[in-house]
């Protein structure tokens, strides 16, 4: 691990421990989790963390179904957001609203935050519209995702 990675890891881990009375800003993945819970309240967000070839860490091969395709599109969306100068999608927070299952990215987000918010919003909406197949949870990636 490079010194830069260690510095980022330390900042992420230590910042919530500060003496400030204000709550720390959550990381983007926490916001994405909340978006998923907004559009798919019947499922735990963890159900999407290790699904198919693309939901979770990394991604390769052919998506196993429509839900996995949602994650592939989300990964590609993050890759596009990374092209914005200084944009790190996994750490970028944004302003959004959930109202009765409807997600809205609020105005006032900078270019990176707006892009990441839209990636997460579209993925959460896609998850809500795709069938969930329990057989595609925690699959053997080496065997099925070539």
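Start at 1 and count along the chain as shown; that gives each residue its number.
Positions of Cβ are set from backbone N, Cα and C atoms, glycine also.
Residue 74 (active site) has a Cβ environment of 23 other Cβ atoms inside 10 Å. Positions annotated as active site by Swiss-Prot: 74 (among others).
Residues or ranges marked as active site in Swiss-Prot: 120 (among others). DSSP assigns residue 120 (active site) to a helix in the three-state reduction. Sequence-distant neighbours of residue 120 (active site): residues of the same chain at least 6 apart with a C-beta under 8 Å from its C-beta are 28, 31, 32, 35, 74, 94, 96.
Sequence annotations record features per position, and here Swiss-Prot assigns Ca(2+) binding site to 54, 56, 58, 75 based on experimental evidence. Using a 10 Å Cβ-Cβ cutoff, residue 54 (Ca(2+) binding site) registers 24 neighbours.
Per Swiss-Prot, disulfide bond is recorded for 38-98 (among others). Sequence-distant neighbours of residue 38 (disulfide bond) (same chain, six or more apart, CB under 8 Å from its CB) are 98, 101, 103, 124, listed in sequence order.
Annotation comment: Swiss-Prot describes 53-145 (among others) as disulfide bond. Here the Cβ of residue 53 (disulfide bond) has 23 other Cβ atoms within 10 Å, regardless of which shown protein chain they belong to.
Among the features that Swiss-Prot reports, disulfide bond is placed at 55-71 (among others), with the record citing experimental evidence. In this structure, residue 71 (disulfide bond) is part of a helix by DSSP. Its Cβ placed at the centre, residue 71 (disulfide bond) has 22 other Cβ atoms within 10 Å.
The annotation disulfide bond is assigned in Swiss-Prot to 70-126 (among others) on the grounds of experimental evidence.
The Cβ neighbour count for residue 119 (disulfide bond), using a 10 Å radius over every protein chain in view, is 25. The disulfide bond feature in Swiss-Prot is assigned to 77-119 (among others); the stated evidence is experimental evidence.
Look at Swiss-Prot and you will find 87-112 (among others) tagged as disulfide bond, backed by experimental evidence. According to DSSP, residue 87 (disulfide bond) is assigned to coil rather than to any helix or strand.
The Cβ of residue 117 (disulfide bond) has 94, 95, 96, 105, 109 as same-chain neighbours under 8 Å, each 6 or more residues away in sequence. As annotated by Swiss-Prot, disulfide bond applies to 105-117 (among others).
The signal peptide annotation in Swiss-Prot covers 1-21.
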Listed recorded positions 55, 58, 71, 75, 77, filtered to Cα within 10 Å of residue 126 (disulfide bond): 71
Nearest of the binding-site residues (54, 56, 58, 75) to residue 112 (disulfide bond), judged by Cα-Cα distance: 75
